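Residues or ranges marked as region 'Nucleotide binding domain (NBD)' by Swiss-Prot on the basis of similarity to another entry: 2-391. As annotated by Swiss-Prot, N-acetylalanine applies to Ala2. Look at Swiss-Prot and you will find 16-18, Lys73, 205-207, 271-278, Gly342 tagged as ATP binding site. Here Swiss-Prot flags Thr47, Thr431 as phosphothreonine, drawing on a large-scale study or a structure entry. The annotation region 'Inter-domain linker' is assigned in Swiss-Prot to 392-402. Positions annotated as region 'Substrate binding domain (SBD)' by Swiss-Prot: 403-613. Annotation source Swiss-Prot lists region 'Lid domain (SBDalpha)' at 516-612. Per Swiss-Prot, the feature motif 'Nuclear export signal' maps to 574-582. Taken from Swiss-Prot, the feature region 'Required for interaction with ribosomes' applies to 601-613, supported by experimental evidence.
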Amino acid sequence: MAEGVFQGAIGIDLGTTYSCVATYESSVEIIANEQGNRVTPSFVAFTPEERLIGDAAKNQAALNPRNTVFDAKRLIGRRFDDESVQKDMKTWPFKVIDVDGNPVIEVQYLEETKTFSPQEISAMVLTKMKEIAEAKIGKKVEKAVITVPAYFNDAQRQATKDAGAISGLNVLRIINEPTAAAIAYGLGAGKSEKERHVLIFDLGGGTFDVSLLHIAGGVYTVKSTSGNTHLGGQDFDTNLLEHFKAEFKKKTGLDISDDARALRRLRTAAERAKRTLSSVTQTTVEVDSLFDGEDFESSLTRARFEDLNAALFKSTLEPVEQVLKDAKISKSQIDEVVLVGGSTRIPKVQKLLSDFFDGKQLEKSINPDEAVAYGAAVQGAILTGQSTSDETKDLLLLDVAPLSLGVGMQGDMFGIVVPRNTTVPTIKRRTFTTCADNQTTVQFPVYQGERVNCKENTLLGEFDLKNIPMMPAGEPVLEAIFEVDANGILKVTAVEKSTGKSSNITISNAVGRLSSEEIEKMVNQAEEFKAADEAFAKKHEARQRLESYVASIEQTVTDPVLSSKLKRGSKSKIEAALSDALAALQIEDPSADELRKAEVGLKRVVTKAMSSR
């Protein structure tokens, strides 16, 4: 890599199933990985020798299912006892354990049992995306804009920001995926001077968002947003997998539920069938020797696939209705409906959406896999002052808080301070008081959600306001100040008005929230793993070089024509050096240095022997 640091910031779409990275240097470029693919699987695999990330990890998943981790985005910022985590754990081949209420992934790596938080796994994927960008730019990358589903809550946003920090990136901004896609659309095929309402329908591998934006010139104002952080292509694959499992059991009497390798192979076949059915109406699924020597073969029509996922497909219209209702806009006022995310390629999803908008033609002009990273790169260029073109110079992004924020009051009532769809950044205030005479401490539990009963919302954390002057109940004036930054992350302050006493917290004991010490420790660990990866690669390279050199010299020594030209003494010296080199290859775990020394030693003897012929 050339010296120097990239002055801009890369845009990373950190996806559930695939990730994508883009950079802006006078224009946006989506960067391909070393395999030439413009999207990289969000997979990390651990083996006795090394760690693999991206395509290499996904390609060996069937051989190493228990130590191949994916779907980290479905764990990040969630509690272990979260209903969706418990449901997902039944389908994942890797092990998830409970550590202080947080889900942690347990794997075998370098012949030891290791545990990683979802943030650390996501950080490994982010590091990979950073390296892909560095290989193209030729400079060190330090800054990034990372995208998250619009419907991610505070804990999920903070955990994603922490993942960025662990990967060694300065995360300038966390932006919402549909908003990033809207930028890509507004600067690309959807370029227009007229004011319009645009609905972004973003259905990816694991998450689903709908955002309604008003675009006027370079000002993008999000009017409302809704979604489901646990709906996407993975769920359609799971339904297909269950169907195929039942079919295999019916035909053979064999149940593959507990065989991680068979499940992985069948899931891969299900995913392939799903993709194929977007362009044809029937496909055949074949998996040789799936389980107990029995082959699996099945014919699947598009109609059957649609039937298996009918309820999920239909559920995608609920957030569409919600955003229209929240923005107080009728569907006839929507000028464009833009498709984003790989799962919007499914014909039935497109038909349901088009029918909902009375046969409206859907906008398919932007690449559904790349639009989010594109928008993030534009935002990165704006934040680092690298955007020079007129169209990006005046671009302004006004996003919203996806869920209401507030405090728990007496009787578990939810007191909303920041209503959902409030434009961020924002500061909102609300006054409270004491419930008992002479009460000197009030606890403020902070929640996020839309339910009246606090217990049905997400607890983000709690704090105490102490040393309140003794007064009759209802007299003290306590003000809660909620500050939401441009990343959608919350800071809360409470003040007792008569004394000015305040308690200021950035929610500390929230789920999935890492302390700065924990982040620092994980950053150091990430560096160690990276160093171990590099050492392994060097060793592998040194071994390959030595093996191929040994093979070529062995050929020389055994070739009667070539060996006859060597003096007898020289030949025996080469054979002795060859034997030393072979011994180095036989050592159980030789270092790259030992292998290099063996190669240099052999080369020295051979060069000397050849020159004295």
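Placement of Cβ uses the backbone N, Cα and C atoms for every residue, glycine included.
Taking the features listed in Swiss-Prot, we show where each one sits on the structure.
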residue: Thr16; record: ATP binding site; Cβ contacts under 8 Å, 6 or more apart: Ser42, Asp71, Lys73, Arg74, Gly204, Gly205, Gly206, Thr207, Gly232, Gln234
residue: Tyr18; record: ATP binding site; Cβ contacts under 8 Å, 6 or more apart: Val39, Thr40, Pro41, Ser42, Gly205, Gly342, Asp369
residue: Thr47; record: phosphothreonine; Cβ contacts under 8 Å, 6 or more apart: Gln60, Asn64, Asn67, Tyr109
residue: Arg272; record: ATP binding site; Cβ contacts under 8 Å, 6 or more apart: Val285
residue: Lys274; record: ATP binding site; Cβ contacts under 8 Å, 6 or more apart: Gly233, Phe236, Asp237, Leu240, Phe305, Ile346
residue: Thr276; record: ATP binding site; Cβ contacts under 8 Å, 6 or more apart: Thr283
residue: Ser278; record: ATP binding site; Cβ contacts under 8 Å, 6 or more apart: Arg345, Ile346, Pro347
residue: Thr431; record: phosphothreonine; Cβ contacts under 8 Å, 6 or more apart: Val477, Leu478, Glu479, Ala480, Lys497
| note | DSSP composition of the region 'Inter-domain linker' (392-402), residue counts helix/strand/coil, works out to 2 helix, 5 strand, 4 coil
| remark: Taking all protein chains shown into account, the Cβ-based neighbour count within 10 Å for Thr207 (ATP binding site) is 27
| What are the DSSP helix/strand/coil residue counts across the region 'Lid domain (SBDalpha)' (516-612)? | 87 helix, 0 strand, 10 coil
| Which whole number is the mean pLDDT over the region 'Substrate binding domain (SBD)' (403-613)? | 84
| message | Need the DSSP three-state call for Thr47 (phosphothreonine) to compare against my parser. | response | coil
| Among all the protein chains here, how many other CB atoms are within 10 A of the CB of Gly205 (ATP binding site)? | 25
